Structure formats: structure tokens, C-alpha cells
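Please read the structure below before turning to the comments.
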Amino acid sequence: MKKTFKGGIHPPDNKDLSKDCPITGLVKLPGQISVLMSQHIGAICKPVVKKRQEVEKGELIGDSEAFVSAKVHSPVSGTIKDINLRSHPVLGRVQAVVIEPSEAEPACPPEQNSFADFSEDDYTPEQINEKIAEAGIVGMGGAGFPTGVKVGPNPKMPKETMIVNACECEPYITCDYRVMLEWTDQFLAGIKLLRKASGCRKCYIGIENNKPEAIKLLRERTENEENIELSVLETKYPQGGERQLVNSVLGKVIPTGKIPPMVGVMVCNVSTAAAVAEAVIDSAPLTHRAVTVTGKGVQKPANLYVPTGTPTEHLIEQCGGLKEEAVKVVLGGPMTGFSVGELQTPTTKTTGCVLCLTKEEVGEAKYLFRQTPCIRCGRCLSVCPEKLNPTKIAHAVKADRLDLAEKHNISACMECGSCSYICPANIEVTGYIKTGKIRIARANKDMPA
Amino acid sequence: MSENLRVSPAPHISRKHSTKTIMLDVLIGLVPASAAAVYHFRQHAVILILTCILASVAVEYICCKLMKRENSLGDLSAVVTGLILALSLPPKLPVVYAVIGCIFAVGVCKMAFGGLGCNIFNPAMGARAFLTVSFGMAMASWHLPAQMNPDMPGLGPDTQVNAKNSSQEQKDQDVKLDAVTQATPLSWVKKAVKTRNAEKASEIIKSNWPNSQLKYALTGNIGGSLGETNALALLAGGIYLLIRRTISWHIPAAVLGSAFVFAEIGYLFDKTAFANPLVHMVSGGMLICAFFIATDPVSSPITRAGTVVFGCGVGLIIVLIRLFGAYPEGVMFAILIMNAFTPLIDRMLPAKPIGGIPDGK
């Protein structure tokens, strides 16, 4: 029996566009790199550099004293041109350190030799933890929770099992898949380090069955590993949702609105594991990541090794530019990513994909925002991976009844977008729920609307 | 390059379907039954189906105009309502009554509540109920399918005489055979129960329902409403909807399953007074109800558990009315009664989030 969870959807995965493109470095660096001071969930960093200052590659440029936060480093050597507001894919406009690179040669993916003959016994959990925090590593799957905080000891919720989220369940994205195929040593080293640092006994790699090459390779490589086990899951969205993944792999149910540590599980992403290996073994901070540039709206889809803070436009140009049919550019996947109107928007540590969609891919009705009345078909309920009643929550938000929305567990919604995807009336169910959450947060903080 | 880019909340892709494609699927699913209706009842079927569809569409158009709303004909729901209403009517119902039915279905049962998605009752069934209480005689006169042989074995004794007389008349006056009226299978059964004479009842049931009669019900060679006589055509359409995933299997299974169970209980209790459950399955509006009417998303519950309860309720009420009620057939009232319970069912069986806290608690 295939391991899976209840609910979910099967959108066409469109991974063929980029899945055979190896990760390559940029041909040339952009003229300016804007490193946003908010790369993660948690406190926004403060710049620790000044205008016109010279910075080295890997130098600290942003830091915060808050517990839930992660340091920000310069991805290139160069001069600080400006410290100013720049557009952020999620938060609107956020302070950014703008660097003009001085080096001519853009960076290449890390040398793999150093990861092959490594032993996790050389490091103590404390050492690993410190290096992760120093390197400013955040969850690279999308949410961006600081890894240092996640891995660190928490006496209230001891971690027993670790699950590596290798599902990459969103359509189009292939960067994690390429990382597993090309940076296998680094990836596996990162897993071992994370396992040691968190004190987990067993580690599972949860991977969807639409990646047979990666499954075969990892199976060969983990055959002799006692504590690492491959868990092949059904291809379904959102198989990579933390709560769904834990349910699929371990059969454990996490209480409504709670997170995996509640049941002693730590979930981390493929790219995060790779970044941990680099941080611990090479002492390199997290400044680059693999990014998939894809969609039928871009000329030549590719997987690129990208410095954090590169403008979206530069990545699209590197891939031959947008096609005329392109109508939407999304940072992140098609289900949870953020559409950008300004192509200057820089990538962050959590940007795994630059998606250029055509009108045909978006769909006529969705393109025109054409909404018809809800016919109570219940499709949103049957696909909701959290088994909520999305229509009811959306109706409550629409009617400005935030109390009702809370009663219907609006906070338990993970915003996976399955309900909007399936809705025949093309209602932006997820959009309403997101709005509702923001309004509830504002009401609780007495913030002006 | 960025001027034409669109910004909207995630997700940025959606399944390529809409309310219109769902309605279109229902219409395609009803094609076999409609074709069978035309085959069995000839021009009467054509006239009724066309009248109902056109009248429903016209009523919706006028309502939209009056309510100063955007024209909503594009979602095809008015066509579906018209077709289902037509298929639930007796073949030779006067066209005027059919038009009145459409006005009631779309104008009162649907648009007066606020249009598609807001109606509490199934519009077609609401209209049929309205017609039944308003024009009882016309709604209870059944006509033989055109190709039915009046000498066919198994017809009720009284019917047979009628049929023969009619066919004699037909020869004399050169009118078509479809002028013949006849009781529907379910009215035979009803008659058997009503006589309260066990011996006579068993005789009627036996003489009208030898096993070979199932064959006639399956192929539609029997009296009844336009679209309910041909069980095979309805099954084919229902299977199409299930394959296309336009409907989930829960409601049809619940309706048919519960009706079968309750009919079986009656049958075991008194074989002479109640018909074989298989008879109930293939006769009357049972199949069209299970696949096309009870599955109306708007007026059925929204959760899986709710739809199962709804379906079981429909099945139970159909059988209760058929066995003990004043009408030979119970689909229409079963649907309307359960429609009224839908909000309650939704409230009693809310969605249960993964990990415990039920919705709305």
C-alpha cells in the first residue's frame, strides 16, 4: 500500500520542463544584489554595515537579537551601494542591503569532494548547532523557520524522529530533486549532522514516487545506513506539508493547529540539509541556493545556483527571457508562491522557484478572476488535507464574521491552496482565508487596519 | 516586460473545470435517458423536453432581467433543471402545465431564493410537487410506450382490457397507439397493498411481476414518467457521471442501498403485499433520483457523512411512501423532505479537522 494522507489534489506536475537541467552557476552576476533583511519567519534583522562600506563574500550584514531569527550574510564581495526599502515577495517593502558586486566571476556550486570523506563523529551536537546558527540557515522549503531554533534543544518537546522532506510536492519545482541527484554526498552529510544535532534516533527521507531516479540513487546510498530509511510516498499535493508528511511517513496525527515537535518529530527540507553540511564542514554561511526557473512562459527552463538577493528579472534573462504569452511571474511554487508585479523583487533564502506562467497554464477563469456562485459541491472539503470546511471559513470572512471564522478553525488552515485549485466556481477560497487570518492578527494586536 | 504581469493570491493554477462543465456533464449523463424517452414516447417526449428546457431558460433570463443581475444562463443550470423536470413528467402532460412547472421551478424554487447555490429545495422536484398537487389528474395519467405490445404477457388484467379496447379504437379512428393509458408498475404494487386482500394482492403482484418483467423495466418498455422507465439508460448516465467524478458515489450508493434494505425488510415481512426489492430498484424514479436528483450539490449536505445520511434518508422515505403512502411513487417527496433537513444535517455533521477539534465547536 502506498503511504499517503487523506484528501489532497493531483495537479499536473509539469516537472519535465526542468527536471533534466543540471544546477548551473549564473553566467554573470547582476549589477546589484539586494539582500532583504527579512529572509525568514521571525524578527526582521538590522543591517550591521554602512553605506559605501566594502564587504567580503560571506561577511555578516544583518543580525537580530531576537531568539526566532537568522543572520544574513553577503553573498558576494563588493561595495554597499544603498540601505533602503526594496520590494519583498511577501511583506510588501522591507529594508535591504544593496551590494554592487566587485568580483567578475559568479560563484559555482560547492565542491563535492569535501563532503564524501566526512564523519559526523568529528562534531559535537553543540558545535553543529552553533555553526547552523552562525550560518543563518533557515528552512528552505518555503516557510523559512530558522533552523538553528528548530534543531536546538527543547526540553518541553524532545525530538525523536527526523523526517527529511524530499517530496517537492508542488508542481514545476525541481531544485530539491537536482540537489539530491547532484549533491548527494552533501545532502546525506547534512542529514547526518542534523540528526546528530537534534538528538533524533531515526531519520526517514520522505520522497514522492514521481522521482524514480532519486529514489534509486538514495536507496543505493543509504543501504548501509542503519538510521536512515527511505519512505516512498504517493505523488499527491500537499504531500510535503509538514503535518501531512508526518502522517504519511509515521502514521502519526498531529493535533489540530499544532506542529510536528508536538509528537517528537522534526521535519527539514532537502536544500536545508545541504546548506547545513556546507555550513558545518566548509564553515560557509547560507548565501546561495539552487533555484528552479521554469514555466511555459520562460524561454529555457533551468536550475540555477543563485546568490540570495538576485533580482528576479536577472534570473529570467539568464534563461532567455519571458515569452510573449507570459502573464504571471511567481516566486515559489504555483500553489503557495507569491506572484510579483515588479521583476526587481530579489530572491530570498526561501525562494526555490521562479515560475513564469502563461495564460493557458493559469487558466482563463483564474486569469480573469471570474467567480461564479458557490454551488455547495463540497469539493473543497473533500480535498482539504486538514479536513476543514474551507467554504464556511471563506463565507465567514466575506461576511466579516471573524469570530465564526475562528470557530471554524481558520488558524488550522495551512494555506496549501487545494480548495481554490479544485473550486469549480473559481472562488479564491484560500485568498479569503489568508485575508481573514491577517485581519484576525491585526484585531488581536489592535493594529490599524 | 513587467507591465502586463498579474498579481493575485496563491494558488496560481486551477483545475480546468467550472460550474458549467459540471452541468454539461450532467446533461451528457442524461442523454441516454432522454434518447430512451424519445424512443419510447416519440413526439410527446420531444415536445415536453424542448418545452421545459426553453421555458426554464426563458424564465431564468427574465428573472435575471427583473432582478437587474448579470445573465446567468451560461452556467447551464437552467437547462439541467428543465431537462430533469421534463424527464420526471408523465409523457402526455399538456404543454401549458409543463410551462407552469418551469415557471415554478426556476422562478420560485431557484431565483426567488437568490439564484444558483442559494436554493433550499431542488427546483425540478419542487415544481413537480407543485404540479402534482395542482393538476393531480394530468400528473397521474400514464401512457404506454409507443412500441409496447398491448398483448404483452404480464399486463394487469384491467389494463389489458383497456389496452385492447384502445388499440381497437385506434384502428377505427386511426390514432396512434400511444393514446393508450396504463397503470405504472408501482401503481400495481400500490393497488395490491390497498386492496388489503392478501390473496388478491399476491395475485396482482405475481401476475404483474413475474421475473421476466424485470427485463421490461430495464429496457423501459413500461409505463411511467418520461425519463424513468429505461433503467439501463439511467445506469449508463450514472456510471458516466461517476467515472467523470462529477458526482461522488456516496449519495447514489446511500439512496439505492438504503432503499434496497428497507424494501427487503418489507418484502421479507409480507411477500404477498410488497414487491421484490429489485422491482423497487428499477422502477419509478429510483435510478434517476439516485444519480441525477439526489446528487444536486446545492440542496444536498456538504460533508461526506452528511451526504450519506441524506442519501439514506431519501432511500428510506421513498420506500415508506411507496409501501404505505398515498402515492405510488415517493422520490419527489423524499427529495423535498430531505432537502429541508440539509441545513440541520450540515450542522449536526460538521467537518472534523485532522487531529481533533471539530468544526464549529
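Note that Cβ sites are derived from N, Cα and C of the backbone, with glycine treated the same way.
Residues near A:Cys377 ([4Fe-4S] cluster 1 binding site) in space but far in sequence (CB under 8 A, at least 6 apart, same chain), listed by position: A:Pro424. Residues or ranges marked as [4Fe-4S] cluster 1 binding site by TrEMBL: A:Cys374, A:Cys377, A:Cys380, A:Cys423.
Sequence annotations record features per position, and here TrEMBL assigns [4Fe-4S] cluster 2 binding site to A:Cys384, A:Cys413, A:Cys416, A:Cys419. A:Cys419 ([4Fe-4S] cluster 2 binding site) falls within a helix when secondary structure is assigned with DSSP.
Secondary structure counts, DSSP: the domain '4Fe-4S ferredoxin-type' (A:365-393) has 12 helix, 0 strand, 17 coil. Positions annotated as domain '4Fe-4S ferredoxin-type' by TrEMBL: A:365-393 (among others).
Marked as domain '4Fe-4S ferredoxin-type' by TrEMBL: A:404-432 (among others).
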Would you kindly give the Cα-Cα distance separating A:Cys423 ([4Fe-4S] cluster 1 binding site) and A:Cys384 ([4Fe-4S] cluster 2 binding site), rounded to the nearest Å? 11
When you rank A:Cys413, A:Cys416, A:Cys419 by Cα distance to A:Cys374 ([4Fe-4S] cluster 1 binding site), which of the binding-site residues ends up on top as the closest? A:Cys419
Cβ proximity for A:Cys416 ([4Fe-4S] cluster 2 binding site), under 8 A, sequence spacing 6+, ordered by residue number, returns A:Tyr237, A:Pro238, A:Gly241, A:Met335, A:Thr336, A:Pro385, A:Thr430
Can you tell which of the binding-site residues (A:Cys374, A:Cys380, A:Cys384, A:Cys419, A:Cys423) has the fewest other C-beta atoms within 10 angstroms of its C-beta? A:Cys374
Per the under 8 Å Cβ criterion, the binding-site residues A:Cys374, A:Cys377, A:Cys380, A:Cys413, A:Cys419 that neighbour chain B are A:Cys374, A:Cys377
Where A:Cys380 ([4Fe-4S] cluster 1 binding site) and A:Cys419 ([4Fe-4S] cluster 2 binding site) are concerned, what is their Cα separation in Å, rounded? 4
Cβ proximity for A:Cys413 ([4Fe-4S] cluster 2 binding site), under 8 A, sequence spacing 6+, ordered by residue number, returns A:Glu386, A:Leu388, A:Pro390, A:Ile393, A:Thr430, A:Ile433, A:Lys437
